[in-house]
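This report refers to the structure that appears directly beneath it.
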């Protein structure tokens, strides 16, 4: 109360002088000191959420979106998932498997054709295994024999006259025909006249044809 009274008395006598700063000290600096003491509390209460939060650019995605984008990358797509790639990889061997199947069918077809060709060659023992080269050579020899028969208009004879030559020789067609000469000529049927009916079945090499071949 003395301060208030002195303030009023001083103010009444000295109007031209400014008030003494000490008179206003309790009012000016008292609240300031309290605010100074309470400032850390308010700063911690107001600024702690902002300080604790990580710095993100303005308008950026939330933390969960940013973490997901960093984990998968900008080019991550559903079509590039591991399961999708494994499914695509499992289809590649299937495409490559069509080649061996086609080759196997082609080989089986060729083997079947050679088996049918071997059956058409006469006088080949059943237990004889012919290679493809021998099969082609015997078939060529038999075709040449049939062409000679048709060219000379000879009578059909015994198919035993044609012998499958299984040994490898260096001679020509004439030497083969001489070696294929039957040991018993009397076993062949006699030559028939022009008006007689020809014997059905596979054509053979008649005795007259052999004689003509040997006399040449």
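Every residue number used here counts from 1 along the chain in the order it is shown.
Even glycines carry a Cβ here, placed using N, Cα and C.
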Here Swiss-Prot annotates region 'Disordered', and of 126-164, 165-203 the range meant is 165-203
Annotated phosphothreonine residue, as Swiss-Prot has it, among 64, 107: 107
Test of record reading: of 33, 79, 109, which one does Swiss-Prot tag as phosphoserine? 109
Name, in the order they occur in the sequence, the residues of the same chain whose CB lies under 8 A from the CB of residue 109 (phosphoserine) and which sit 6 or more residues away. none
Tally of helix, strand and coil residues over the domain 'bHLH' (94-146) according to DSSP? 42 helix, 0 strand, 11 coil
